[in-house]
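The signal peptide annotation in TrEMBL covers 1-23. Annotation comment: TrEMBL describes 126-462 as domain 'Peptidase A1'. Per TrEMBL, active site is recorded for 144, 342.
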C-alpha cells in the first residue's frame, strides 16, 4: 500500500511539472555558453557574450507559397552587406543614448497619438534585403514594429544634412525614373485620403500625394507617396504603397536605405500583404552582431514545440503583469494598453516605481561583482575584469494569461565593453501627462522566435529561434 501511495505521489508531481512546463517558455541555452547551477542562477562564460569580427551565419531561410524567410542581420555587424566586415560601429554609450531618445519618442507617441509625434529617422538595429523596382535593385531596410510606413531614400536627394552629401558613391539611392513600375499616388484620391489618416501630414502638390515629416529631433523629410513592385525573397508584390523620400534635412543616412514598417496600420507591409501572409510574421534577433537571425512572413509549417502564445493588442500591446528575478517577483502596475513589445527599442523600459524594485532585486543577486554605477541610462553596471564566467540571476516576464517567458541569459546583462557589464533595463522616460508605460525591448527578445499573429490577436514566443 505504501508503494502505491508513493507511486501516486510521483504521478501527481510529474503532472505538476508538465503543467508548469506547458505554461512557460524555458531556455536551456541560447547562443551563450550557459550552465544552470540552481533554480535561480545560471553561469555564463563572458567570452560567449562578446561579439567577434567574423560573420557566423546560423539561420536557415525557407520559401514556400505560405511563408517567406529572409536573413536578418545586425546593421553594424560583419554579416551586414553594408559593412563588408569594416563597420565603424557606434559605441555602447551612443547606442544607449540613441535608445533613450527612441524610448522618449515612443512614449510620447502613445501619449499624443501617431499623427502628432513621429519617430526619429535614424539607423535601426536589424535589417533585411528587399528588391524594389523594374529592373529589380536590392536595398537594405531596417525592420520596425513601431511604425507603419515603408519608405526608401530616393533620387533626387534635394537636401542633406549640413556638410553631408546625399550622393555617396558607396550608397546608391533608388532612382524612380529608371523603374518602369513606379507610379505616384495621385490626389485628390481615396488612397491619398487614407494615407493622410494614417500619417497625418500628407498634402496634395501638383496632383501628387506627398508627405512631410517634421521630427522632434529637428530632422525633416519630404517625399511622394507611390506604388512600386517589391521583391521579398522568392515572391513578387505589385503595387505596394511606399514613401519615396526626396528631401532629407539633418537626418542620418548611414547604414540603411529605408525602413519597412511592420506595425498594424493601413500602410504597413503586413497589412498590404495580408492576402498572402494572413497578417502573420515572425523574427529571431541574433544574440550577437556577428550572428544571423531571420524575418519570416506567413505561418511556418515547422512549429516549435516550445512556442507558446499570449494576447497581442492594438499597436502591439501586451498584458505584462510582473518580472521575476531569481526567487523575487516584481509586480508591474500599468493600465491596460500601456505595455508594448517593440523591435526598435534596445533595453526594456518600466515605470519608475516598478523599475526601482526590479533594480534592487537585481543588485542583490549581483553582489559578487564590483558595482561601478551608471553609464548613460543604464544605472546598474559592474566591473567584471578578471572574471571568465558570470553568475547571473534567472529572469522571466509574467503575463496576464499565465504565460511565463524565461529571458535568455544573453538578455540578462549587456556588455558595455570587455570588462564592464550593465543591467539591460531602465525606467520609462517621463511624459507630460505622467502616464506609465512599458516597452519590451529587443535585448530581451534575442534568440527567441517571436511570432506576431495580428489577425488572431496572438503573440508567440519560442526558444532557440535562430538555430
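Just so you know, glycine gets a Cβ as well, placed from its N, Cα and C.
Unlike curated records, TrEMBL annotations are generated automatically.
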Average the per-residue pLDDT over the domain 'Peptidase A1' (126-462) and send me the rounded value.
89
Under a three-state DSSP reduction, the secondary structure at residue 144 (active site) is strand
Given a separation of at least six residues and a C-beta threshold under 8 Å, show me what packs close to residue 342 (active site) in the same chain.
106, 145, 146, 316, 439, 440, 441, 442
Tell me, how many other CB atoms lie within 10 A of the CB of residue 144 (active site), whichever protein chain they belong to?
21
